[in-house]
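One structure is given below, encoded as structure tokens.
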Amino acid sequence: MLVVFSALVFLTSALAFITGPAKAVTGSTKEFVITARQWAYDPPVIEVEQGDEVIIRLKSTDISHGIYIEGYDIRADLILEEGMPNEVVLKFVADKPGSFIFRCSVNCGPFHPFMTGVLKVNPNYAFQGASILAVLTGMLSLLYLAVFRR
Amino acid sequence: MESRQQYRWRFDLFRIPLIKWFVRKRWFQFAVITPNLAIFFILMIAGFYGLPVGNKNVSVLVVWILWWAALMILLVPIGGRLWCMMCPMPAIGEWLQRRTLTQKNEKNLGLGKKWPKFLDNIWLQNFSFLTVSSFIGVLTTRPLATAVMLFALVIVLPTILHLLFERRVFCRYVCPVSGFIGLYSMLAPLELRVKSREVCLKHVGKECFKGSENGYGCPWYEFPQNLNRNAYCGLCMECVKTCPLDNIALNLRIGGDDLLVEPWHGIKKRGLDEAFKVFIMTTLSILYALVFVGPYGWLKDLADVMGGATFKEMWSPQGNLLLESFNVESFLLFAGLVWGSTLLAAPAVFFAFSYAAKLASGVKHIPLKKIFINFSYSLVPLSLMSWVAFSLYILLVNGSYIVAALSDPFGWGWDLFGTKHFPWTPVLTSIIPYIQAALLIAGLYLSVKLAYRIAQRTMPSRNAAIKAAIPFAAMLTGLCLLYLGLWLDSFYWGWIAW
């Protein structure tokens with residue numbers, strides 16, 4: 001158990017390390033028009049490269065919605081009222097690589113807490129690193145048990 | 001294994017006098033249950049009469065975020081069936097059945113029927129959990145639905161069953177929560193066992209099962225002298241009160257051995273009911289994540305069988321009627337997905353790996369069914385970690401809703417703690433995936449280790465055990481990659497998105 005716990009702590013630190021530091025603007029500008037409805041985004045997944053400047057234009061086909069990007073912790077709310085624009089723009093630099101869930105930030109009905117989409121910022125070092133560690137753990141632990149733990 | 005268990009580290013918590021004094025009191029369970037019963041009643045009132053919006057109503061938030069996370073992250077992994085000790089669900093029925101809140105009565109209320117032999121398994125618990133899961137999209141978003149569920153599980157079902165049958169058949173055979181707690185409690189570092197089985201075997205009274213003037217016979221139909229797994233011991237502590245030989249221990253231990261042994265020291269056999277519980281929990285941890293966190297709008301539409309309307313809208317004069325709002329097609333499709341993926345698809349995949357293991361081992365005389373059942377337990381650590389990963393995410397991202405709702409639990413304009421306007425604030429979103437990855441990979445290690453130990457106990461030789469464990473190690477690694485893909489790579493596979 002101690003070994004597992006130590007591995008767990010090590011793994012957490014290692015994964016955080018291999019994702020690398022935040023990166024300033026180095027890439028191109030990527031613009032997306034995302035249409036929100038109860039309780040989905042279209043497109044549900046957007047993909048950029050690390051360092052890209054990202055512009056998200058959020059529109060709605062029904063009621064007020066918003067967008068909050070986890071990990072980046074930024075948001076934009078689209079409130080549909082008379083005299084207000086039917087679009088809100090979120091602009092940021094995708095400086096952190098990985099996969100980030102974005103979710104509605106304006107209460108839009110029963111399923112609101114589960115209205116989500118995904119921002120993929122390539123390369124996804126965390127997933128790649130974790131996958132390699134998982135394969136190594138699966139195979140090596142069996143090998144270890146079979147050879148050393150009779 | 002049984003003899004080896006005795007030599008693994010144990011610490012009897014009853015060596016601490018205060019704990020032993022407390023659990024021996026007849027009012028012990030009343031004391032730990034009553035606060036939770038009061039909370040559940042408040043949640044029911046909030047669900048029935050409070051705001052109809054799920055993320056503003058304390059019933060939905062406490063049940064599906066706080067309680068669920070407490071169960072999956074703390075109570076079950078650390079305390080096993082500790083929740084069952086303090087669970088308010090059977091309380092009213094049991095108090096009625098016993099005709100007392102705390103004391104020992106000789107004569108019970110109700111018919112006192114014996115539970116049918118053919119239902120002496122957890123299939124009913126499997127089906128009750130799948131039934132709840134078929135409505136999960138509604139239950140987690142509509143307070144009234146949560147209140148109806150609580151009403152059924154706290155008042156209606158347990159009362160009926162306690163008045164029809166003897167003991168706690170609701171907890172042992174029916175409760176949807178009890179099934180998975182029992183499964184995962186086998187990993188927990190807490191157990192109730194007899195100190196010496198030899199002492200029990202020589203003792204003729206068997207008060208722990210029959211009852212005595214000090215307490216009731218085991219309400220969970222367990223026979224403490226044969227107890228070697230946590231699965232069906234509800235930690236009610238009646239046996240501690242009834243044992244005249246002071247032979248019951250509440251041990252801290254290194255968990256996991258329960259998953260290797262046949263129940264009751266080999267007297268009973270493990271069956272497909274428990275294996276299917278494993279498949280249900282493993283599969284639903286994926287499905288729940290896809291529904292509640294994945295980007296798939298069509299899946300949310302399926303799960304949301306009420307078509308977007310709240311119950312109050314449906315019942316208002318301007319709104320649709322209940323039947324108009326209830327989307328039968330969505331419900332059938334989603335229920336089909338829940339039942340089909342857990343009872344057909346997952347077992348079929350596991351069967352294929354069991355067959356591969358039998359072929360790889362080269363052992364012909366061991367039935368495939370035995371391999372299928374025994375190795376199914378190897379999924380338990382990894383699937384528990386996937387539930388911890390899921391529950392942790394839901395708690396950290398949506399937990400702040402609770403802070404606001406607690407100040408105004410019924411939506412009557414109160415501001416009890418000055419937090420009524422507390423904004424929705426997700427926390428630690430940058431590091432959640434790393435914690436999840438660490439949990440899942442630790443779970444994988446424990447699962448592979450368990451698979452190997454199961455192989456050693458199932459196969460006749462070391463070589464056969466190693467060969468049989470290889471397909472399962474590959475399967476567990478694949479499952480872990482799937483979980484990592486869910487949480488670290490967007491929940492996104494193009495083929496399922498459209």
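Glycine too: its Cβ is placed from the backbone N, Cα and C atoms.
According to TrEMBL, the feature transmembrane segment maps to B:27-49 (among others).
The feature transmembrane segment is assigned by TrEMBL to B:61-80 (among others). Long-range contacts of the transmembrane segment (B:61-80) within the same chain, counting only residues at least 6 positions beyond its ends with a Cβ under 8 Å from a Cβ of the stretch, are 39, 43, 54-55, 139-140, 146, 150, 177, 180-181, 184-191, 230, 235, 255, 384, 387-388, 390-392, 394-395, 398-399, 401-402, 405.
Long-range contacts of the transmembrane segment (B:122-139) within the same chain: residues 64, 145-146, 149, 173-180, 182, 273-274, 276-277, 280, 284, 287-288, 291, 300, 302-306, 331, 334-335, 338-339, 342-343, each at least 6 residues beyond the stretch ends and with a Cβ under 8 Å from a Cβ of the stretch. If you look up TrEMBL, you'll see B:122-139 (among others) marked as transmembrane segment.
The transmembrane segment annotation in TrEMBL covers B:145-165 (among others).
Residues or ranges marked as domain '4Fe-4S ferredoxin-type' by TrEMBL: B:223-253. Residues 2, 5, 8-14, 19-20, 23-24, 26, 28-29, 80-82, 84-85, 168, 171-172, 178, 182-183, 185-186, 188-197, 199-201, 203, 205-209, 211-212, 214-217, 261, 263-265, 267, 274 of the same chain lie 6+ residues outside the domain '4Fe-4S ferredoxin-type' (B:223-253) yet bring a C-beta within less than 8 angstroms of a C-beta in it.
The transmembrane segment annotation in TrEMBL covers B:278-298 (among others). Sequence-distant contacts of the transmembrane segment (B:278-298) (same chain, six or more residues past either end, CB-CB distance under 8 Å): 126, 129-130, 133, 136-137, 140, 180, 183-184, 337-338, 341-343, 345-347, 350, 376-377, 379-380, 382-383, 386-387, 390, 393-394, 479, 482-483, 486-487, 490-492, 496-497.
Annotated transmembrane segment per TrEMBL: B:331-356 (among others), in sequence order.
For the transmembrane segment (B:377-404), the residues of the chain that approach it from at least six positions outside its boundaries are 55-56, 58, 61-62, 64-66, 68-69, 71-73, 76-77, 183-184, 186-187, 256, 259-260, 274-275, 278-279, 281-282, 285-286, 288-289, 292-293, 350, 419-429, 432, 435-436, 439-440, 442-444, 446-448, 450-451, 454, 472, 476, 479-480, 483, 487, judged by C-beta separation under 8 angstroms. Taken from TrEMBL, the feature transmembrane segment covers B:377-404 (among others).
A Cβ distance under 8 Å defines the sequence-distant neighbours of the transmembrane segment (B:424-448), meaning residues of its chain 6+ beyond its ends; these are 256, 378-386, 388-389, 392-393, 396-401, 404, 469, 472-473, 476-477, 480, 483-484, 487-488. Sequence annotations record features per position, and here TrEMBL assigns transmembrane segment to B:424-448 (among others).
Marked as transmembrane segment by TrEMBL: B:469-488 (among others).
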Can you tell me which parts of the same chain pack against the transmembrane segment (B:145-165), counting only residues 6+ beyond its ends and a CB-CB cutoff under 8 A?
37, 40, 43-48, 59-60, 63-64, 88-94, 96-97, 109-115, 132, 135, 138-139, 174-176, 311
Counting by DSSP secondary structure, give me helix, strand and coil numbers for the domain '4Fe-4S ferredoxin-type' (B:223-253).
8 helix, 6 strand, 17 coil
